[in-house]
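K.L.:
This structure is in structure tokens; I'll ask about it shortly.
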């Protein structure tokens, strides 16, 4: 198998984050080596978060200054800029909503990538923990069999073979081989502390990741709801919704900056680990595990010597020697001492079980299994995990920009709605042509209507409050009006529909139209004499 350095290569974004300046609170450069217990290194990560917090403060100051200036500025002539302001608010809200939706989409992808990376890490840690716990279980089981069960069988056989010195010598030799096996098993590393650490890390990582994933999911949904409700408030021109969403937008803006600080500092710290993970693991290895063993699992090279080879070889040879001795006693001693057969078969079964345990221990101690888990954990946290954190950082940045634009646009929408209400209410209540009078006329059809000034009947004056003038209109004039209506409209009729009932003001005539109408009146007798002959 190739070395870990060939199989695992940190991605470019890890090196990019690792090469960012590591500065402590005194503005002094610190080492970028991952060491979370070092106070200086902790300050470098906190400095990244504080720098983003400073950017958030500048952003909030800008938004606050903009809102104050917008509220304190003098009222200008809004008639010329009403359409421009409305269009600007609409486009700002639309772009902010689209930007927020794009940010949420990026955030969903980043959240999923980070979750996959942490899941791969915990899965690999659980596999490694299972392997190490299996080694400890097999070693302790084999030691117990060699110390207790074998001693009981040998004690009874010593009593049975007391008269035969050669058989007693064989039993003592097997006792010596069992001691060698116990000694070699004791020399193997005790993985109990390491497996407990792996189990604790995996459990804590799973719990933290669950709440992190759930928190971001709630944040995504909240951002989308704020954008949708803001658009709804603009569409319905609701001041209450706009005011509520203004407060929610400010809260979402602060949450976006806070998440950006957390994600960036976490990405920088994880990248520092991913650049040189072997160095950190060597420094954190418990004292009972030697550096040779750690190197064996970290690099897993075929050219590297197996640190367990000698112990396993002695174990195998001792078992083989004991099995040969038991075979000889079964062949030669059982015919003379039939009562010894049960204990000899018990020792043979114990040796067969120990040999099976030896094969399992050899397979579990091989570097390929644990090294595979190690590489999968690195790929999960350094590829998917850091990549997901970068996408989440991009989400937070875009969301901050979107909510900044949205918060700045909502007061202008408020002013536009207020100006619209003032224009709507600034009308004469006695004006029969204002919108309110038109609505009343539509909803109250039984109300007395004013007669049209242009209709034939109203020109005679039909209202009771007005004194009608003397009747000067003849039948010929009525026929003349009907014929004019026939010429211009196609059908002779009286115009009996009041203009006010239609919701339109009385007509006005330009001088040109009046001259044209008078000239047509002068020529009308000739035309009417042809149309209606006497």
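Cβ coordinates are placed from backbone N, Cα and C, and glycine is handled just like the others.
In case it's useful when we look at the structure, here is the feature table from Swiss-Prot:
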CARBOHYD  129  N-linked glycosylation site
CARBOHYD  197  N-linked glycosylation site
CARBOHYD  204  N-linked glycosylation site
CARBOHYD  352  N-linked glycosylation site
SITE      164  site 'Essential for the formation of the channel-pore'
TOPO_DOM  1-44  topological domain 'Extracellular'
TOPO_DOM  109-213  topological domain 'Extracellular'
TOPO_DOM  262-388  topological domain 'Extracellular'
TRANSMEM  45-65  transmembrane segment
TRANSMEM  88-108  transmembrane segment
TRANSMEM  214-234  transmembrane segment
TRANSMEM  241-261  transmembrane segment
TRANSMEM  389-409  transmembrane segment
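A description of the local structural setting of each listed feature is requested, covering burial, neighbours and distances.
P.N.:
Of all the Cβ atoms in the protein chains shown, 21 others lie within 10 Å of the Cβ of residue 129 (N-linked glycosylation site).
Annotation for residue 197 (N-linked glycosylation site): no same-chain Cβ neighbours under 8 Å separated by at least 6 residues are found.
Here residue 204 (N-linked glycosylation site) comes close to no residue that lies at least six apart in sequence on the same chain with a C-beta under 8 angstroms from its C-beta.
Secondary structure at residue 352 (N-linked glycosylation site), as computed by DSSP, is helix. Sequence-distant neighbours of residue 352 (N-linked glycosylation site): no residue of the same chain at least 6 apart has a C-beta under 8 Å from its C-beta.
Taking Cβ-Cβ distances under 8 Å and a sequence separation of 6 or more, the neighbours of residue 164 (site 'Essential for the formation of the channel-pore') in its chain are 333, 336.
Away from its own ends, the topological domain 'Extracellular' (1-44) comes close to residues 267-269, 271-276, 278-280, 283, 298-302, 367-368, 371, 374-375, 378-379, 382-383, 386-387, 390 of its chain (Cβ-Cβ under 8 Å, at least six residues beyond either end).
Within the chain carrying the transmembrane segment (45-65), a Cβ under 8 angstroms from the stretch's Cβ atoms is held by residues 20, 23-25, 250, 253-254, 257-258, 260-262, 264-265, 268-269, 400, 404, 407-408, all 6 or more beyond its ends.
Through the fold, the transmembrane segment (88-108) approaches residues 216, 219-220, 223-224, 226-228, 230-231, 234, 391-392, 394-396, 398-399, 401-403, 405-406, 408-409, 412-413, 416 of its own chain, all at least 6 residues removed from its boundaries and within a Cβ separation under 8 Å.
Among residues of the same chain six or more beyond the transmembrane segment (241-261), those with a C-beta under 8 A of the stretch's C-beta atoms are 48-50, 52-53, 55-56, 59-60, 63, 216, 219, 222-223, 226, 229-230, 232-234, 392-393, 396-397, 399-400, 403-404, 406-407, 410-411, 413-414, 417.
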K.L.:
Quick one: DSSP breakdown of the topological domain 'Extracellular' (262-388) into helix, strand and coil?
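P.N.:
Here the numbers are 105 helix, 0 strand, 22 coil.
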K.L.:
DSSP on the topological domain 'Extracellular' (1-44): how many residues come out helix, how many strand, how many coil?
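P.N.:
Breakdown, helix to coil: 17 helix, 2 strand, 25 coil.
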K.L.:
How does the model score the topological domain 'Extracellular' (1-44) in terms of mean pLDDT?
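P.N.:
Overall, the topological domain 'Extracellular' (1-44) comes to a mean pLDDT of 83.
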